[in-house]
Every structure is written in C-alpha cells, then in structure tokens.
Amino acid sequence: MMQPADIVAQMRQLIQLIAKHNHAYYVMDQPSITDNEYDQLFHQLKALEAEYPELTQADTPTNRVGGQALSKFETVTHAVPMLSLGNVFNQEDLFAFARRIEERLPNQQIQYDVELKLDGLAISLWYENGVLVRGVTRGDGETGEDITQNVKTIRNLPKHLQHHSVETPRFLEVRGEVLMPKQGFERLNAANEAKGEKTFANPRNAAAGSLRQLDPAIAASRPLAFYAYGIAQCEPHHGLGSMHESLQWLTQLGFEIAERQFLCSSIQEVQQCYEQIQQERPDLAVEIDGMVIKVDDLKQQQQLGFLSREPRWATAYKFPAEVAMTTVENIDWQVGRTGTLTPVARLQPVFVGGVTVSNVTLHNIGEIHRLDVRVGDRVSVYRSGDVIPKVEKVWPEFRPELAEIVQLPEQCPVCSSPVVMPEGEALARCSGGLYCAAQRIEAIRHFVSRKALDIEGLGDRWVESLLHLDLLKDVADIYHLHEHREQLLTIEKMGEKSVQNLMDAIEASKKTTLARFIYALGIRGVGETTARMLANTFQTLDALKQADIEALKKTPDVGDITAEWIYDFFLAEHNIEVLDRLLAAGIHWDAPLAPTRQPLNGESWVVTGTLETMGRDEATQRLQALGARVSGSVSSKTKCVVAGEKAGSKLDKAEKLQIRVMNEQEFLAFLAQYSA
C-alpha cells in the first residue's frame, strides 16, 4: 500500500508536469506534448485526487484552466470565467457523459448541439453598442491578455454589429476561436521558407503566435480567421433558448461559425455525427481535433451547472490517434532533474499526426522490455493532436538478425556515477545527485526558488549565463559568486546594480530555517511538508544526516520508499561535500529551543473562502506550524473547515458530512491560544 508521502510525491510530480506543459501550450505557444498525452497526465492526477481527496494539493491544476498571461500585454479579468472542457475518447465515455446528464435531468428531453472542436486560440470579444472595444485571450481562465489591436486586424471578425432584423445589444461578450485555415497556413510557411524565415509547426502555433505580436501589422499580414462558439454576456438579455439558436443569432450579427453544426435528439445521433465528421476531417478548411458536444437547452445548462474547471453540460469528443511505421536507428539515455534515466528512441524521421517525428521517449527500462524494442526494429509510432508521440507496437518479424536486447547502463552517461534502481521501482536513477551536471540546472532552480532559499533575482537567465561561464558546478558555488564579480559584470545586460542586487539576495538567503534548507536540497520525495516534519522530528541537520532508515520511517509523512531516498542522499559522499561547503559559506538557522508543540499533528484541515485578516497562504502556514495537514478538498477524514466569505461548495460538503466549521473570528480565537 502506498504511503501518504509517496502519494503526495506522485501528485506533486504530476502537478509540476502539467504546469510545465500548460506554460508551453498557453503562454509560449509551443506545445511540448500532444492533447492525448496531456489528458493522460490530467486524468492520472484527477484519479489520485478522487481516491485520496484529503491529500489534494492546494495548487492542483484540476481547479484551474490554462496558463498565466504574458506580461507584455495588459491583463484583463474575465467577468465570466473562460472554462475548459472535459474530454471523452470513445463511445463508452460519450454514453457515460450522457448518463450523468440524464441522472441530473430526470424525465426531461435532452437535445445536443454538436460543433467542430477547432484547434486554435480561444478569445473573448467585447462589444459596446455594437462596436468592438476589447479582445482578450483565455489566459488562465480567470484573467487573460488584452489583444484588442491584433484582433481588429482579423478580416472576418465584425468590428461593428449591424443587422436590420436583429437589435444590437448595449453590451455583448462573444466567445470564439482564432485559427489559421489550412490553405493560409501553407501559404504563410511557403512564404517564410522562401525568405529564409522561421516556419510554424502547425496552424495553431501560427495563429497563437500571430495574436501575441506587439506590432498589429504582423497580425494583419497573417491569414487569421475567427469563428464564434458562444455568448458569455448580453445586455439586455437576448431571450434565446438554446445554443443552436444562439449561434444562428450570432451569424445574423455578422459572425462566422464553424462550417459544421448538428442538432441531435439522442446521444446515438451524436456518435453518428462524430463518425461522419471523422471521415470528412481531411477535407475541412480548418484543423480540428475532435467535436464539442453541448446540451442545447440553455435552461438545462443552468440546471446542470459547473465543476471547478469545466461545465457539466459540455464535453470534447477527441479523435483517435494517428499511427505510422518507421525504424529505430538508436536508443540512448537522457538524465533528468531528479537523476531519472529516460531511454529515448532515435527514429528514422516519419510524418505522423501532422508533424515529423524523429525522437520518442521509451519512459524506462521496464517499458523497453515490455515492448521488446531494439535498435533496428520496425515500430508503429502513435501521435494524436499535439500529444508526445510514443511507440505503440514493435514488429519483430522485421527485426535484424543481430539486434541486441537493450540493457540498463551501469553508469550515468553524464557524470559516470553508478546507476541505481531500487527493487520494485520502474525508474533507474543516477546516484550523482548534486554532483551530476545533467541534474545541476534544475537542482539550482529548485534551490533558489521562493519556497526554498528564496534567492530573488537568480532566475533562469542568470543561471544559464553562470553555467556557461562555468561558475556554477553545484548549488554551493552560488555562495562563492562574489569572488567572480568582474566576470559577472561581463554578462550581457548585467550591470553593477544587477550584480549588487544579486549579491545582496545571496547574502540575505544565508539566514533560513532548517525546514527550508532540507526542502532546498531537492531530495527525492521530500516536499515542503515532509521537510518540515523532518526538521521538527530531528531538530538538527546532524541528527538527520545520522538517522537510519528505521528512524526516518517513524517521521510523520515519510513512507518506506521516501525514507530510503533520504538515507541514500546523505550516504552519498559528494552530497555531503556540497552540504559542508554550504554550511561553511555561512548558511545558518536558529538552533531549536525546545521541541515544537504540534497539537494538531496528523489532523486534516481545509481553508476555504476569503479571509479578511490574513490570506489563505498565511492561514495554511499557521495550521501547518501546529502540525495539521492542510488539504484542498473536504472528505470524511477532514477534522475542521475554516470558512471565510464565499466559501461555496466546500462549506456545503462539510455541513453535509457534519464536519466542524469555524468562521474567521472563531479561527483567530483558536490560533490565539497557541500564540504564547
């Protein structure tokens, strides 16, 4: 049975991966994985949270949408959040979606509005008295970027709403998708290639990149198109009763909608539409990656309501992946931040899923053996949408006679440290830790992060420059950068003031806490909570370094596997060398005066709503200091819920489960008794 710490570690890993891919997709317009691969990560996290709701992390992306807005455009708050959609991938999932709706709307006739799922960039358009006044990207669903000047250059997008048979609303907010039709995309890439300029990987990247140009003239030169898919706000209310009517009304105002739209009276008809569009997909003028199914009746939509990040009344029905055959030319090993060795198949380039694929991750040695993939093999490569491609099938009948079974390397390909793979684990790791160059940059990023040593200003640009100058071989070198001041001044855009600010931040970081220091070391499986538990239990770094596995296992929040990871970390000689150098550089923390009182040790608490006297982060920290585990969701294991203003569904669930609830004043009084 998995220990809570291991479950949390798995959740944290998924959250970090999803955040990374959200940033690549929504902010950088450079998707790093396909939609199917992203969906798999997302569903893994949702499944863990459903099974262990008390361990749900506060920053889980299952309660958010998309990525953060870029700083170069003005940030705009959406009055009505721009939510994403849930996904279904087959007929069974589709019928389950319909059953959930029917259970919530018993004895009601349900019609479904079915539309193309356009592969573009979602935006919101604001009209006042029929005049376009603002265009905003979806961003993180709550806030987006003001791209008004760029959207005004889109040729088919109405700047003035006028129609003799339709009264123009005082205010109208229309949601839709900006994309680049296939022919326009091909012409743009051909022109760029002829001029020796960068070409785009796919139409979505081209559309998103065009909208985020600071110069509207660039957007104007691109063949962009806008297709409306819904109304967010309308004053006075439009009085329409269905999605189908809403879209037709928008066309009367001058908006274009996707070239296919269906009104289905049963979920079986929806499936038939899906199969029809799948056949017609190659002939469509635009790229699509599935279909969107919505309950057509707007009143029924209101009855069904929303989950935290998606409507209950709509879902996206994704198309299946595409497959192509190619040859494995080589298999090599890459080393990640935590030392994980990942085998990568180098392929004879093959066009699949709209892109040319030449590299595919094989994940781990177990997957290699499961597939029995070898150098020289013919393989089927699977790719759907923007999902990272993968090897789906090996064809042994085409295997070369001398093809050898792939073995796990005994030494790290980067630093030559021994490779270890504990019994029962799927992943092999370099044991080099802080010594390994491949792990170095991510280890440094983690070490300087806000929740670790919090060295303000030591961002990626600094780190990359310092690595290039060979001034950072490990995290301890950070505290010797003052010895290289003249070299630092040679870095582009790093003047005297920037260098001094960095020196000041490094000096300030020397005063920390034992818990922060333990967390900063980046020991596998040791997050903030575990680091705090280790600090409270062992009180000193020396005691932690000398602890055996049995002592570590007795620490709250530390399971058997994490205990072994901690023990192995402090057993590695090169890690101890780095620790000694950090301490010699002056990193210190207050000595423990007495064992920390933790009256809430082991209890699960939830903080929800808005608190007037403190933020939720501070409330969480106060509870954690008393030993509580602060969860993002309410379950039968929850001890107490602290409810501020607009507490919402968590308060409702707590009352339903008869869990103790404190208002803000009661919570402050509760904390006061431990403030002496």
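The backbone N, Cα and C atoms fix where each Cβ goes, and this holds for glycine too.
The shown structure was predicted, so the numbers you read here are calculated from the model rather than taken from an experiment.
Going by Swiss-Prot, these are the annotated features:
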ACT_SITE  LYS117  active site, N6-AMP-lysine intermediate
BINDING   ASP35, ASN36, GLU37, TYR38, ASP39, SER84, LEU85, GLU115, ARG138, GLU177, LYS294, LYS318  NAD(+) binding site
BINDING   CYS412, CYS415, CYS430, CYS436  Zn(2+) binding site
DOMAIN    595-676  domain 'BRCT'
Fill in the blank from the handout: Other than CYS412, CYS415, CYS430, CYS436, the chain contributes near Zn(2+) (Cβ within 8 Å of their centroid) the residues VAL335, GLY339, PRO413, VAL414, SER416, SER417, SER431, GLY432, TYR435, ALA437, ALA438, GLN439
Exercise for the section: Give the number of CB atoms, excluding that of LYS294 (NAD(+) binding site) itself, located within 10 Å of its CB. Expected result: 22
Problem - Candidates ASP39, LEU85, LYS117, LYS294 (recorded positions) - the one closest to CYS415 (Zn(2+) binding site) by CA - result: ASP39
Exercise for the section: Could you check which of the recorded positions (LYS117, CYS412, CYS430) sits closest to LYS294 (NAD(+) binding site), going Cα to Cα? Expected result: LYS117
Fill in the blank from the handout: All chains considered, the count of other Cβ atoms within 10 Å of the Cβ of ARG138 (NAD(+) binding site) is 25
Completion exercise
The rounded CA-CA distance in Å from the residue listed as 'active site, N6-AMP-lysine intermediate' to CYS430 (Zn(2+) binding site) is 43
Exercise for the section: Going by Cα-Cα distance, pick out whichever of the binding-site residues ASP39, LEU85, ARG138 is nearest to CYS412 (Zn(2+) binding site). Expected result: ASP39
Fill in the blank from the handout: Same chain, |i - j| six or more, Cβ under 8 Å of CYS436 (Zn(2+) binding site); the result in sequence order is VAL335, GLY339, CYS412, VAL414, CYS415, SER417, CYS430
Exercise for the section: Go ahead and report the DSSP secondary structure tallies for the domain 'BRCT' (595-676): helix first, then strand, then coil. Expected result: 27 helix, 19 strand, 36 coil
Practice task
Inside 10 Å of the Cβ of CYS430 (Zn(2+) binding site), count up the other Cβ atoms and send me the figure.
Solution key: 27
Practice task
Determine the Cβ neighbour count for LEU85 (NAD(+) binding site): the number of other Cβ atoms within 10 Å of its Cβ.
Solution key: 18
Handout entry: DSSP state at ARG138 (NAD(+) binding site), helix/strand/coil
Key = coil
